[in-house]
Amino acid sequence: MQKPTYNNADLEVRSLDTMCVNESALEHRWYHNLKYLTVGVFFGIVFIKAEVISWFRIQEMFRLQSFHMYGIIGSAILVAMASIFLIKKFRAKTIYGEEIVFHDKKFNKGQIYGGLIFGLGWALTGACPGPLFAQIGTGATAVAVTLLSAIAGTWIYGYFREKLPH
Amino acid sequence: MTDLLSWPWYVAGPLIGLTVPALLILGNKSFGISSSLRHICASCLPSGIPFFKYNWQKEIWNLVFVLGILIGGIISVTLLSSPQAVNVHPDLVQELAGYGITDYSNLVPVELMNWESLFTARGLIMMVGGGLLVGFGTRYAGGCTSGHSIMGIANLQLPSLIATVFFMIGGFIMANFILPLILSL
């Protein structure tokens, strides 16, 4: 068991960035991460089988030509919302018996500026970060360039973070 | 037997939504994918930037999760029947044909996103420029479609709803006004 080394200010920054702030007090062996691998695999398969990662589907969405993507995002939100409601209502615990905690997000202008910038990139690449990984898996190896570029974009944000309006 | 290979939205959407409780119950993890890009920066090139100085090892689960997504992609195209030509709206087909995009055999437009097109203005803007916007924007906004639009809105977070509205506005602007110019290059 290791004591968290973060101070409060750091937690603030981390929750701002939707990092995992639900730090588990439990220390696990590496193979415990395999369960996240499994969830990721299922998730990736759904992405592809439902064409969520299709550049064409994203174009259709932003041209209001199809309900497909709206249906997927909308029903995903509803199912997630119901799940969170039930978890809170019944105070469900994790498989390790820990209490499941949620953190509120704070508003800052980054959600507007950054949101717009991401939206531009979303329609251009036809992918948000998750689908980038799935696209590469399908053999579209050139998308690795887009992924590296996205990592670079994240790095540039980190570099200029203090100078940007938030 | 028209389109059994492509799952309808009412099957895929709920399955994606179930990822949220799955991650919470498996280990108290909030659903969010763009954070993985930050962890990669922190683990590879922190460069003394405060934003990348944290214990990224504690977030390895997130990197394992995205590795799973990549493997899911491989499994889908090798073991499960590979996706057929994407069936999209005829108006879009017509519009894209005007830019010489006619190949729907892959989920990404192979005529736009391949190694050769990296050396064209169009391909460079779309792949490198688009990637930069995605990486920069998601971190600036504090999340992407998974962290804000699904996890955030499902947890009734107003900032996430605001972010999602601006994701959509940016997407509409790009797809309808800027992308046509880029595709004409």
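Cβ coordinates are placed from backbone N, Cα and C, and glycine is handled just like the others.
For the transmembrane segment (A:36-56), the list of distant contacts is 68-69, 72, 125-127, 130-131, 133-135, 137-138: same-chain residues at least six beyond its ends, Cβ to Cβ under 8 Å. For A:36-56 (among others), the entry in TrEMBL reads transmembrane segment.
Long-range contacts of the transmembrane segment (A:68-87) within the same chain, counting only residues at least 6 positions beyond its ends with a Cβ under 8 Å from a Cβ of the stretch, are 50-52, 57-58, 60-61, 100, 102. The annotation transmembrane segment is assigned in TrEMBL to A:68-87 (among others).
Taken from TrEMBL, the feature transmembrane segment covers A:112-134 (among others).
Taken from TrEMBL, the feature transmembrane segment covers A:140-160 (among others).
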